[in-house]
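Peer 1: The structure that follows is given in the form of structure tokens.
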């Protein structure tokens, strides 16, 4: 990594990354099979299922609406009440949807799975990264954070490889049973080994009546939200990166919400082919995020890496949208190994522009901007994809919705191009960027 990391700091970071790896592996195991399960439950004997596309889009839309509020609030709570309890809460919610499909895969259980997964994703999507990034910022100095974010996202890619390898190896009937076991191990590990990095202040409101506590809680959340908004809006860098995140997530969330169903309908892809693509992407992403990003970032900076990643995302969307043969998605997946660098570069830019005490708040607000994009994307992508996959399409281009998503990614690239490089908030306030909270 760029800066010097002590053995104690590395040990603490490992105790964060290991349970996250287990959690993400368990979550990824279900990705390649859920399209088949949903289609078989809702539309037996059919390869194209509009109900499956719409229920997936509805889930993503509801999650996006709720995430707009949930992620910034969870980021604030992590600053005020500690990272560990929030991470434990987030990781634990994923157990229940997987447990439902471990019991049965019939129509009623599939509906229950989507309801519980909505709740789980509201809590976890985006927030787990912003809180983990704040945790890393607590223990590492400014020079080491960008590399740490790359390693964190590299662990996610490693988890994708492991999850898809297990999904490829295991019979479909055992995937969710193994997933549940791993999802129980992750929070248990955190309880035993994860160290809290936030110095908590004594609770002065514990003797208040419950009504007064409720009012005080709402008042504190409102004040904290106003302060976080002021921090972001007063920084041209943070304002611009919010727009980048909004358009990027609008494009990529739109693609991810329909991609499996598009490939299944257009090229008759199944669980094994989904797993092959995801494993290939995962292996490449591990290299780019854990090795290439820490080496390249000090040379060119986060802004250049961000622009390259966004160009790759536009190419990825166009290749998939215009795919003319079954090998094109495999080739297009190569660009996913590059565009995945958008996340660590964004985390690094936000962290550099934020003070030590505001890491959770600013990471949460940027993730909230992403949530707005992920809410809007299914409103367009689900009906558009269903229309162009049907026999009533106005012209023959099954991936037209993915081409439309490329325009949102082009907007993200525009704002990344004009992104200003401002001095970090820590430097402006006279704080030392070299002084982590936990030495």
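Note: Cβ is positioned from N, Cα and C throughout, glycine not excepted.
TrEMBL does not curate its annotations; it predicts them automatically.
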Peer 1: For the record in TrEMBL, which of the ranges 248-267, 308-327 is the transmembrane segment one?
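Peer 2: Within the set 248-267, 308-327, TrEMBL attaches transmembrane segment to 308-327.
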Peer 1: Taking 86-103, 308-327, 365-388, 400-419 as candidates, which has the most Cβ pairs under 8 Å with the transmembrane segment (115-136)?
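Peer 2: Ranked by Cβ pairs under 8 Å, first place goes to 86-103.
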Peer 1: Restricting attention to the domain 'Major facilitator superfamily (MFS) profile' (16-423), give the mean pLDDT.
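Peer 2: Across the residues of the domain 'Major facilitator superfamily (MFS) profile' (16-423) the model's pLDDT averages 80 on the 0 to 100 scale.
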Peer 1: Counting only residues 6 or more past its boundaries, what in the same chain has a CB within less than 8 Å of a CB in the transmembrane segment (400-419)?
Peer 2: 237, 240-241, 243-248, 250-252, 254-255, 258-259, 262, 303, 306-307, 310-311, 313-314, 317-318, 320-322, 349, 373, 377, 380-381, 384-385, 388, 393
Peer 1: Can you work out which residues elsewhere in the same chain, 6+ from the ends of the transmembrane segment (308-327), have a Cβ less than 8 Å from its Cβ atoms?
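Peer 2: Distal contacts: 244, 248, 251-252, 255, 259, 262, 266-267, 269, 333, 335-336, 338-342, 345, 397, 399-403, 405-406, 409-410, 412-413, 416.
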